[in-house]
Every structure is written in structure tokens, then in C-alpha cells.
Amino acid sequence: MPDSPDAALLRADELTAGHDDVPTSAPVHLHLPPGRALAVIGPNGAGKSTLLHTLVGLLPPLGGSVSFDGEPVDERRASFRRDVAQVLDDDAFFPALTGREHLLLTARAHGVEDAEEVVAAELAAFGLEERADALPSRLSSGQRRRLALAAAFVRPARLLVLDEPERRLDAEMRRTLAERVAAERDAGLAVLFASHDAAFVTTAADEALLADEECVLLPPEAVPATMAGTEG
Amino acid sequence: MTVAAATPAAAPLDGREVRRLTRRSAAARASTTWWTRVEDAWSTIAYVAILLAVAGGWLASVRDEISVREPVAAAPLPASAAALVALVVVVAGLIGLLDRLGPISASPAAAGWWLPLPADRRGLLRGDLVRLAAGCAATSAVLALPLAMVLPGATPATVTAAAVTAAAAAAGLVGAVALAQTRGRTGRLSTVAGAVAVLASTTAALLAIAPPLARAAGELPAVGGAVPLAAALAAAAVAVLLLVAADRGLGRIGAGALRTLGSTSAFASASVFSMDLRDLGRALARPPRRAPSRPRRFRPARGPGRAVVLADLTLMARSPWQLGQLLVAVALPVLAVRTEGLDRLPVAGAVGLVLGWLLAAVAVGHPSRQGHAMPALDRLLPLSPGRLVVARAVVPAVLLTVVCGCGGLLIGQSGDDLFAWTVLALGAVPAWTAAAVRGAYRPELDWGGPVVSTPMGIVPAGAGATLVQGVDVGLLGSAPILVALLVDGPPLAVLVAVQWGWATAVATAALTYLAHRGAAKG
């Protein structure tokens, strides 16, 4: 990123991510300041999800360091969880809670005032108004994905982390979500996401990190050609 | 609202409030009423009371039968030593289970919706710790009651003290393992616990077959007997301290670990509720952390049949849990026939033999269960179902020859019929080999068909007939040796011949049926 590393909200130095002592990608060096969006791109198995999990403290780094707001990342700290909104694994819901209740739980746990209004607005933004009071088992796969994504927007945050946000969304929703992410970025939110969607990346990201045998930063305009090359 | 601009104005919820809000939301549309819960609790208490009465009565009759019979073995393993070994194995099993499942974990839903919240993690997880400790304590107390009731000189006070001790020990174990989890020291406890259980069982078996050692063990101070109430209360106090210490550290457990353990627990719970013991084994098995240091090239695998045999052999060699089970399987029959008191009951030897060989059959069926889980791999090989079944039976047959042979040797070594007992035991190998393969490839329960209401809940019709597939062949094929144990006489040559012929016939029929059904189809 072009900004000074000192201004970074999220910073990784020579970070090696992986499972059970086996690295899944080359060491990563990144610094993400507020108001910037970084996309992580690369083919399947390049270690994008593992990298995101490591950056938010769900996996221990195999090497290097990662810090948030100047402190080593530790997701056990309530302040870290208050500042970082993440949608990584979205396949599980409380079976007896409706979609609206899931979002209200998230908003209220974050102390959002007028939680019901905020939730109603996000339900509308994600096209879930009519299905808001349905149980998750009665929602389609795409609707459950929208619900999981909406949870990241009903609460305050300083960093938004999304793993393949375009997954299971229709074209219209992908475009709307990309524009929403870009708007949040412009309002000062730091955004980090992994994606296989070149259009999403060019709309929402300021820069892209190609995770492969060597991790390199790319400008957004280089993303479509790069993705076509790496992902066939 | 934009995410970045928003600032919280209301007080955020703490962990306890998040739990409560979730529970209330779910309860608002639940069909279960308080009256239904009372009915369920009452019926559970009634079933448990009936089971306790039956178990207590049975144990008392066993005790009386032992007291009127003459000692058989010259220097059996003291009962207190065998009881201590049983206790070690039970404790090791509980520790291993707690370690594998957490003991604290987050369900996939909780991992997705609770753990990312800023609410205190201690408040979110405390309920799980309390429920787990209470459940283990209650189960242990119930299991201890019938044993305490048949101890010599049992009084209401001693029975109560035993139940309190058992409950405190179980709750204390939960607290200790949870405390270790909060300090990041779990993950390998189950391996250590398994090794301790195997070591204790095999050591006891070795003591049992060496009269001087057994006599020496008998001269050691006996453990067990009635527990003073003060000791029981002290144990309860220690358990409470451990649980409080674990509770204080709950906030130190990372979301990644809670999420992973929660997936394992969910898999294991689903296996229990769907009565799929094969899946339960897969859920509790710890996947290897590293690739093997010496990868095999399978050069001797000339042909698909040999490839299956070599693959099965490699899998068994890389499965320390199954190898440990085989050692325990050898030890069990020996302990049954050479423990003070049990040695006077011929039926104990038969039961020990069946349990040991069943354990061995389950262990050696491991490669076949893997094959059943991934039928596509079997279909890749140019093998007919019949040849596949035969190939899958080779490794179990070899390993069971060792287990059954050892069983016969150890049972017969106290008398003059060592050779006869060994040959007789080896005659059961075909039956238990077929049992291992048949059990591994038994069909899934049909939850889509008719169901039957039982005290334990709804089960598919024919569940029992499906679940005993494997055991049935082993038991049927071992009938002659079981008869020999029950009549407590030296095995005659004709009985040995009948054992070999009968077990071979039963095994052939079972494996032929399996081949016709198509093992690779599952």
C-alpha cells in the first residue's frame, strides 16, 4: 500500500500463514490504513482463506507478525472483536432464531442504538425484508449468505474482513455489495477481502495482493488480466 | 448507517446477556412446555431407578455366586488390583474423551455468531462448563451407585459417600482438563491417556499370568472399599476449586480452537443421535498432524488384490490407537479368567473372551471402515466384490491370529492343556475375521423408513439387526470355545475340530453374502 506503514490499522510483516507447520503461501508483507481496501486474489489452494484467518487471529502465524492498531493481533481481546467485523465461515446459524433475530443479536451485543431500525435497513439493503422472520432452514443458500454478510454491516467496525463475499450471490447483489464496500471504504473503513471476482475487486479494492508462490501487490486495473492468467 | 461512522450508544451486551437473549428468542417459538419437561424428567428418573435396581440386583447375585464357589487359580490377580486397573482405564477414557471434544467448544452456530462479538468469552462459555461438569458428575454418581450397594458392609452412608466421590471425581476431571485447555495444554492428553490405559491393562495381564508377581501384588496394601464421607466432601471441594479455576480462564481460549473442537463435537453428537458408531469413531479419531516421514512406494503391490492388502497393512501400522486396542484385546480375556473372584465364574471367562475379541475385530476392521467411507477408491481397482472382500480379510486374519492365539495361550497356560486351548482359540479366527469385515461394511441405518418408539427415543425399525452385523458372526462362530469355557473343562479334540469347521463355515457364508451384496457399494 502506498501509505506510510506507521498509519496502518492492520499490519503484517513477513507473515507466514499455514496449517500444522505447513505454509500455504509465501511470506506476506502488508499494511492497511483506514479508508483503504485490499483484495487478496489467487487460484484455489493459494492460501487466501488461511491468510485471512491468520490476519484476524483465528490461526496462529507460522512466522512473522501481524498487528492491529499497533498491538499484536489477539482475537481474545474484546476491543479487537469490537473493531473487526468478519464474514469468513457463514454456513452455521442458530436453528431456532430468525434472520432478523440473528442480526438483532449482533447489533445489540455491539451496543448499537436503535438496533431494530439499523437491522431493518440492512435487511432491506440485502434484499431480505420479506424473509426476515424466516428461520435459517427456510432460507435459500444465497439468502443465508446475504444474512451472514448483513451481520457485518449492522454493527460499528474499523476493519471489515470478508472471505469471497461474492460467493453464492447473484450478479445484481454482487454489484450492490461491491459498491457498498467501496462506500464504506470511502467513509473511512479499512477493508480486506479475498475474491475470485475481478469486477468485485476492481470496484471495491484500491490494490490487490496476489497470493501465489510469491506474494505481490497489483493495481486494480491489472487484476482482470492477472486473474484470467492465474485462475484460467 | 455506515459501518465506519457508527458509534455504539447503548451498553453492549455481556456474554451472559447474549446467551440469555439467544435462549429467549429460541424459547419463544419452542413447542416444549414446562409440563413436557417435567414429564421427561420424571420418566428419565424412573428409567434410571429401574436400571439401578436391575444392575444392583445382578451385581449382588454375582457377588453371592462368587462367595459360594471354590477358588480356582492358585495365585490370581487380587481383585483390588484389577479394580484399580479398571478405574485407571475409566479415568483415562474420560480424560481422552474430554480432551478430544474440548472439553469446552463452540457449536458451529455459536462460533459464527457468538465468538466474534465483543461480549466476554467467559460469560459465553461458562454455561457449557457448568452443564458438562454437572452431566459428568450425575452420570458417574449413577454408575457408582450399584457398585457401592454391593460392597461388603454397604450402608446408606457409604453408598452416599461413594456416589458423592464419583460425582466429585468426574466434575474434578472436567475442571482439570478444562483448566489445562485454558492454558493451551490440551490436544495430546488423549494420546497420553490412551497409552496409560493400554499400559495398565497389559501390565495387569502380565501380573495375572505370573503367579509370583500376582502374589506380590496381593501383598501390597489394598485400595478401594468404603470411602469416608469426609474424604468425599474433600474431593467435592477440590472439584469446585478446579472448576472455578477453569471458569476464570475461559476467556483465554481462542476462537480458532473453540471452532475446531465444536466441529468435532457436533460431528460426534450427530453420530450418537443417528446411532452411527462408525461415524462416531471417525469423529473421535485424531487426524495425523504430519505426513509420514517414510512414504511407502508399494513396490510389492503386483495386482489390485495385493495393493489392497498392502494399503490395509500400512494403514494399520500407522494407526497407534488400533494397535493399542489389540493389546487391550489380548489382556481382557486373561484378566477375566485370572482375577480373584472372577476366576470362579466360568461365564466371566467367556464374556472376557468375547469382549476382547470383539475389541480386536473392531480394531482390525479399521481399513475396511475406511474403505466403506470412501467406496470410490475401491471402485477404482479392477476387483470383483468377492476378491475385494477376500483382500480386505487378509490383514484382519493375520492380526486376529496373533490376538486369538495369545488369548488361547494365556488362558491355557495355567493348566496342562496349553496346546489344545491355543488351537481351539485359533479356530475362532475365521469367524472374527468375517466379523471385522462384515461390521465395517454393514449398511447405514434407514432413517427414511418406518421408526419405532423406545425408552431411548425414536429408532429406525430393524436398527438392532443392522447394528449387530459383525458381532453376530463372531459370537456364532465362537460358540464351541464359549461352550468349553462355560463347562470349564479341558477342550476335547472333537471340540477343536468342530470349532474350526463351524467358524470357517460361518465366516464363508458371511463373506459370500457380503460379496454378493457388493462391499464397495456400502
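Placed from the backbone N, Cα and C atoms, the Cβ positions cover glycine too.
Look at TrEMBL and you will find B:41-60 (among others) tagged as transmembrane segment.
Beyond its flanks by at least six residues, the transmembrane segment (B:72-95) meets 136, 169-170, 173, 177, 189-190, 193-194, 196-197, 200-201, 203-204, 207-208, 211-212, 214-215, 217-218, 220, 222-224, 335, 337-344, 414 of its own chain at Cβ-Cβ distances under 8 Å. Residues or ranges marked as transmembrane segment in TrEMBL: B:72-95 (among others).
Summarising the annotation, TrEMBL assigns transmembrane segment to B:129-151 (among others).
What TrEMBL records for B:157-180 (among others) is transmembrane segment.
Remote same-chain residues near the transmembrane segment (B:192-214) are listed as 74-78, 81-82, 85, 88-89, 91-93, 95-96, 99, 320-321, 324, 327-328, 330-332, 334-335, 338-339, 410, 413-414 (criterion: CB distance under 8 Å, separation of at least six residues from the stretch ends). Per TrEMBL, the feature transmembrane segment maps to B:192-214 (among others).
Distant neighbours of the transmembrane segment (B:226-246): 129-130, 133, 137, 151, 153-154, 157-158, 160-162, 164-165, 167-169, 171-172, 174-176, 178-179, 181-182; these residues of the same chain sit at least 6 beyond its ends, with a Cβ under 8 Å from one of its Cβ atoms. For B:226-246 (among others), the entry in TrEMBL reads transmembrane segment.
If you look up TrEMBL, you'll see B:345-368 (among others) marked as transmembrane segment.
Feature annotation from TrEMBL assigns transmembrane segment to B:389-412 (among others).
Feature annotation from TrEMBL assigns transmembrane segment to B:418-437 (among others).
As annotated by TrEMBL, transmembrane segment applies to B:458-486 (among others).
TrEMBL lists B:492-515 (among others) with the feature transmembrane segment. Same-chain residues lying 6 or more positions outside the transmembrane segment (B:492-515) and placing a CB less than 8 Å from one of its CB atoms are 384-386, 388-390, 393, 420, 423-424, 427-431, 433-435, 437-438, 441, 473, 476-481, 483-484.
Contact between the transmembrane segment (B:418-437) and the transmembrane segment (B:345-368) is present: at least three CB pairs lie under 8 Å, with pairs separated by 6 or more positions in sequence. Within the same chain, residues 62, 65-66, 69, 311-312, 315-316, 319, 322-323, 325-326, 328-337, 339, 392, 395-396, 399-400, 403-404, 407, 411, 428, 432-433, 435-437, 439-441, 470-471, 474-475, 478, 481-482, 485-488 sit at least 6 positions outside the transmembrane segment (B:345-368) and bring their C-beta atoms closer than 8 Å to a C-beta of that stretch.
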